[in-house]
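As given in Swiss-Prot:
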ACT_SITE  Cys192  active site, acyl-thioester intermediate
BINDING   Arg83, Gly84, Gly85, Gln86, Trp87, Thr88, Tyr89, His90, Ala161, Leu162, Gly163, Gly174, Val175, Ser176  substrate binding site
DOMAIN    44-230  domain 'BPL/LPL catalytic'
SITE      Lys158  site 'Lowers pKa of active site Cys'
Amino acid sequence: MPKTRAMTRNEICEEILWKSSPGLTPYPEALTFMEERARAIHQGTAEPLVWLVEHPPVFTAGTSAKDADLYNPHGYPTYSAGRGGQWTYHGPGQRLGYVMMDLTKPNGTVPSRDLRAFVAGLEGWMTDTLARLGVTAFTREGRIGVWTIDPLTGLEAKIGALGIRVSRWVSWHGVSINVSPDLTDFDGIVPCGIREFGVTSLQRFDSSLTMADLDDALAAAWPGRFGSIPQAA
């Protein structure tokens, strides 16, 4: 996957709308909002947006999801997300960063109409964010998402996931980072179709870290990858 370089301060000049929703946003509402926003961005009637949310417990299926990878012992709702990837869990204590951007234009280190570079930029955004919180995270060839060494097990585990959809060169869906979710809820699926590795969270590294800490780090890390300054929507 192509690597993107960090931007210099002189290259950062544009702004991007940034919205954080309190509480738990029902997943179907998020799908509807993202689809409508992506359509409006394509039509030129809305600005690009990064939207930070949490969801009630839910399993979502990407376009490559297999029925055999869903166990769902708690009977959580399941939805077809229409994004790339396989099964993913979302729930309280996990931050979703939905990225709705016009990819026909260059965005910081990401060239126009380059999906591989866009994915690399999102992964870099997550690793840069986690570094600001004292967590060393990395990517692995052939494994989408962001990984780290779980401090409790000493083994590689996923701390951030990624799944996007692109409609008429406008992105929607995005990334997730585990802050303090109930990690046993991930047992209801084979996360992203990968059986060999577990999942972890920020609170396994530092129990004092909060969702607000992550949100601040996400905003601070964004310009270095995508060349725009977050502004409240």
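Keep in mind that glycine also has a Cβ here, set from the backbone N, Cα and C atoms.
Between the CA atoms of Arg83 (substrate binding site) and Lys158 (site 'Lowers pKa of active site Cys') there is a gap of 19 Å, rounded to the nearest whole number. Taken together, the residues of the domain 'BPL/LPL catalytic' (44-230) have an average pLDDT of 93. Here the Cβ of Arg83 (substrate binding site) has 22 other Cβ atoms within 10 Å, regardless of which shown protein chain they belong to. When Cβ atoms from all protein chains are considered, those within 10 Å of Gly85 (substrate binding site) total 23, not counting its own.
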